[in-house]
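The active site, proton acceptor feature in Swiss-Prot is assigned to Glu41. Under the heading active site, proton donor, Swiss-Prot lists Lys114, citing sequence analysis as support. What Swiss-Prot records for Cys156 is active site, nucleophile, and it gives sequence analysis as the kind of evidence. Among the features that Swiss-Prot reports, domain 'CN hydrolase' is placed at 1-254.
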Amino acid sequence: MTLAAVAQLNSSGSILKNLAICKELISQAAAKGAKCIFFPEASDFIAHNSDEAIELTNHPDCSKFIRDVRESATKHSIFVNICVHEPSKVKNKLLNSSLFIEPLHGEIISRYSKAHLFDVEIKNGPTLKESNTTLRGEAILPPCKTPLGKVGSAICFDIRFPEQAIKLRNMGAHIITYPSAFTEKTGAAHWEVLLRARALDSQCYVIAPAQGGKHNEKRASYGHSMIVDPWGTVIAQYSDISSPNGLIFADLDLNLVDHVRTYIPLLRRNDLYPTI
């Protein structure tokens, strides 16, 4: 078994403050013996509005954020999965990206951009149009090799599409990560149900680092970072209401993945519906 660390954050509009928190959590995770740490969506910042998001994405502090996290991965000898905003080739558009950083040289070995964007209007809740600022990703990437096993990348709203989880499992994933920033309303109704469902669909561990708490006067996130095993059991959940930033841990056992897949083989009828 191998120890995984999952971070919960309450990111603000200050990239450097968020960076300091991330570096401290990397240090804490490594000190506990974790081999890999996972951070939520928008670890670098959560902006007040679209204009600020574009401005911050192109600010030099964003480059420093990634550079310093890479250095921390090397310093503490730990794999890091972190989500950031990145400039795109289209003016006034950004990419919502999940980066895997290896600890030997601090190299980025995988860069996934969110495929499904969050464009919703919630009655008595927020209206969010991610497509106003963000380009959707155009690829599902092969799972990344880590000390925990092969980890497939998805981000937040991707969780509502079981086809992506099944695709990642078919590409060899033992684990799927869903770094997220769910709204309080959708989180309370759907968060745990979706995480457990994707674990059952794919027969993978599901790792779900989350943003939690009030970010600014317009935005708050649900929190409740979780780790779910391939049987659909929640084996760790962030519940420290006294601290908006912190860690949860769990030992991941790939033998359990094999056991679940052997015990309940999912023999698909691809003569009746398309192969994913």
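Cβ atoms are placed via backbone N, Cα and C, with glycine included.
Distance from the CA of Cys156 (active site, nucleophile) to the CA of Glu41 (active site, proton acceptor) is 7 Å. Straight-line distance linking the Cα atoms of Cys156 (active site, nucleophile) and Lys114 (active site, proton donor), rounded to a whole number, equals 8 Å. Mapped onto three states, the DSSP output places Cys156 (active site, nucleophile) in helix. Taking Cβ-Cβ distances under 8 Å and a sequence gap of 6 or more within the same chain, the neighbours of the residue listed as 'active site, proton donor' are Leu95, Asn96, Ser97, Ser98, Thr134, Arg136, Gly137, Ile155, Cys156, Phe157, Asp158. Secondary structure at the residue listed as 'active site, proton donor', as computed by DSSP, is coil. On the 0 to 100 pLDDT scale, the domain 'CN hydrolase' (1-254) averages 96 in this prediction.
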